[in-house]
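Have a look at the structure below before the remarks.
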Amino acid sequence: MLGKALLLLLSSPICAWAQSAADYYVKSIPGQPDGPLLKMHAGHVEVDAETNGHLFFWHFQNRHIANRQRTILWLNGGPGCSSMDGALMEIGPYRVKDDHTLIYNNGSWDEFANLLFVDQPVGTGFSYVNTNSYLHDLDHVAAHMITFLEKWFAMFPEYESDDLYIAGESYAGQYIPHIARAIVERNKNIQRNQQHWPIKGLLIGNGWISPRDQYPANLQYAYAEGIVKEGTAIANELDGIEKSCDEQLNAPGAGDLVDIRQCESILNKLLDLTRTSDDQCINVYDIRLKDATCGNAWPPDLDQMTDYLRRADVGAALNLDNGKANGWTECNNQVTANFRMGHNGVPSIQLLPGLIESGVKVLLFSGDRDLICNHLGTESLIHNMKWSGGTGFETKPGVWAPRRGWTFEGEAAGYYQQARNLTYVLFYNASHMVPYDFPRRTRDMVDRFINVDIANIGGPPADSRLDGEKLPQTSVGNTTSSTSGTDQVDEAKLKDAEWKAYTKSGEAALIVVIIGVSVWGFFIWRARQRAARDGTSPTKKGYRAVYQDGVDNNSSTDGAGLLSRFRNQSNSNSSRDLEARDFDEAELDSLTPNLQNGHERDHYVIGEEDEDEDNDIGNGAKSSLH
């Protein structure tokens, strides 16, 4: 009885509360560059105890504070593609070299904002869940993120009052507005003991947002870029598929669907019909490139990043739960397949107008060399969207905001267009992953969007202009290493908040110990009383109950005794109840193509697939919106 009581106590929420920021601190990272280590935290946070659902995060503290604190939550897409893409190939402070050493990203977004990368939904990247418990809809994705943030801010309260921005790319164009709406609703119904989360803006790059506007844009883009020539046999076949797609898009209820199978076949067939005699096809993420997988092995950094993240010492540095370090893959097609099994929620295009009208700024940006979520589709959805009393970029009826040419450090970079709290930026010569191609330009863009004031930071300003007019100063990658006076004041506030958080965690841990000792003492007292009545001696027999049934008293009790047995029992699952990310390197090598062999990712299909369609693209792969 006593053993079971103590196990119940240790598994209570109080024990979970005892976890603190210190448990997630990253002391060092393999291959780190010379110089002081950036302040980082990483690890798993439980979001669903019933399904063993845990989300992995990697957090980087900002290097400077410009007038106020900001946090950017970054999500990659898929669904089922890891946000480590964003951390190590796009906006994070490090890039991985061939020899697994890390170099600084000169355009990292952590210069003036805290960065929080989260692998989600559960089962993505380093996150995990029981294999029969993958998510199927966007509402559950948003609910898990709210749970994650509640727990994360409880451990890191110094960031809870930061201006909050949510950013990402591709299928995150669905995640981000749904999560933002959940935050807005939470703020409206806030409880007395909760803090308001100041959500300020959303940034979506080459996002999948509006099926009605973006499916037809695939063929439009192919014609515009000369991938397909109108009037040819290939064009006629594709036109027929597009006609069927258009019928589906206009069918009753189609406006509430994120995935439409018939429309997805346009891109699949386009890639098949344009494959060359030497088995090369267009890279759907960058049409300037061709390979046998249609972009599945792109970008080039993916190989070394995958090997790096599978290293045991990297997993240990990132505080991964036991057994979770070996199985990282960029995109988990089991997450993708399960997400497509049912109606996964309304398209995010239905949420954007309300979010903008509630005061949340939105920035959409596109690389003009991307096919799979191309800029024509994004421009079409903006043109047709109605919000704040107007349609598209109207400034007044019949008058649209102009496109303003953008130059960065003397080169034509793209253009800006803005109206009524929505900004659109087109990047010239950029792929699906714009920050991968142009980290400094995207840093300039994000600093302007989040209203960074660098007056007290120092460093030569970047030369960024719209229509030749010099913009307010930003300093991309050139800030001084010293901390400004504003930094010092805010640093003191952060340390005070951190100390309070650690104190709170310590108090919770002390409560656990006190209650545990009290319960233990009560049962010992009861045992002695019973022994006195029965005339027996309260010897070791009274203490045997501390151990679980069937566990020998001679088992080790050194620091890991009872607790380690409790963990082993709670973490053991039946052979059928495997965890989504719980496999080792040997198992990875034996996976079939349907289960993400090596570094290839499953091409994403917006809609369901037939079994006999597995070979539609790139030797059995469909394009991921990663």
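Positions of Cβ are set from backbone N, Cα and C atoms, glycine also.
Between the stretches 533-557, 558-582, Swiss-Prot puts its region 'Disordered' entry on 558-582. All chains included, 30 other C-beta atoms sit within 10 angstroms of the C-beta of HIS432 (active site). Listed in sequence order, the recorded positions near HIS432 (active site) (C-alpha within 10 Å of its C-alpha) are SER170, ASP370, out of ASN106, SER170, ASP370. Following the DSSP three-state reduction, the secondary structure of SER170 (active site) is coil. Of all the recorded positions listed here (ASP370, ASN429), the one with the fewest other CB atoms within 10 A of its own CB is ASN429. Comparing the Cα of ASN429 (N-linked glycosylation site) with the Cα of every entry in ASN106, SER170, ASP370, ASN421, these being the recorded positions, the smallest distance points to ASP370. Note: the CA-CA distance between ASP370 (active site) and ASN421 (N-linked glycosylation site) rounds to 25 Å.
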